[in-house]
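Participant: According to Swiss-Prot:
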type: BINDING; residues: 130, 155, 159, 242; note: Mn(2+) 1 binding site
type: BINDING; residues: 155, 157, 242, 244; note: Mn(2+) 2 binding site
């Protein structure tokens, strides 16, 4: 169910009402209704769309609460300074789950997200469970029906479970099983967070991955080269970040906290190596769970990640 943006989420410290160099995002954000827009190609500005859904997390036997993530992220983002004043940012609201099956909600979200991806230079999709990734893929494939798609995921988990239905742990298996023209690269894999069956599937499907242990201190030149080659080898790139990849000391508000996760600055550096590419039209950020957050640390981390990628 599509819900329009809530303007009351967008508040913050007011430093000036007249000097744009002192403006914050709550002063410059605009609001839009994707249901009223056609499938047009404009390639300007940035779109925000929330995936206020954690049904996939529930189906994956995780701890729920991520459906409140999009609004928590927007609240935290609203008060950050607008340092990229040349790019218009439009909040298109959220999609909520009210269908019998999760896949039907994913398709509804995909239809709306596709309009934003088509219309804007980049679209940030805010979750919500990581089942957002399959919806993001459906949207990407709608916009680019013939293109090769490179899926880059910063995540502690492969999320390639074989369940026979959509959950937060099945998105990338669904993509690979349905699309011979899609490939998958995962950065941040936890050796303690994936079964041998998932590693076997990764080998079977030629999934490229980097362990979290390899990203503890810096992004090494071989990993940088791997990312660059992967982007180069595909027509379009779908980028997604699961916040459970970040160590729980920095990101307690997630569906599945990481005991040995990677540091926020490493995620920022990885993102900065992906997002500047013109092939990246959509970025999803998943599993931000306000129920378990502390002092809004995780919401602020996600907000700063989006902010960091815009400047």
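Any Cβ shown, glycine's included, is placed from N, Cα and C.
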Participant: To the nearest whole angstrom, what is the C-alpha distance linking residue 155 (Mn(2+) 1 binding site) and residue 244 (Mn(2+) 2 binding site)?
Facilitator: 7
Participant: Determine, to the nearest whole angstrom, how far the Cα atom of residue 244 (Mn(2+) 2 binding site) is from the Cα atom of residue 130 (Mn(2+) 1 binding site).
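Facilitator: That separation, Cα to Cα, works out to 10 Å.
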Participant: Would you mind reading off the Cα separation of residue 130 (Mn(2+) 1 binding site) from residue 157 (Mn(2+) 2 binding site), to the nearest angstrom?
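Facilitator: So the alpha carbons of residue 130 (Mn(2+) 1 binding site) and residue 157 (Mn(2+) 2 binding site) sit roughly 11 Å from each other.
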Participant: Counting only other Cβ atoms and using a 10 Å cut-off, which of the binding-site residues 130, 157 scores lowest?
Facilitator: 157
Participant: Using the centroid of the Cβ atoms of 130, 155, 159, 242 as reference, list every other same-chain residue with Cβ within 8 Å of it (recorded Mn(2+) 1 site), in sequence order.
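Facilitator: Other same-chain residues with Cβ inside the cutoff are 133, 153, 156, 157, 168, 169, 171, 172, 240, 244, 245, 286, 287.
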Participant: What is the number of other Cβ atoms found within 10 Å of the Cβ of residue 244 (Mn(2+) 2 binding site)?
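Facilitator: Its Cβ has 26 other Cβ atoms within 10 Å.
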Participant: Between residue 242 (Mn(2+) 1 binding site) and residue 157 (Mn(2+) 2 binding site), find the distance joining the two CA atoms and give it rounded to the nearest Å.
Facilitator: 9
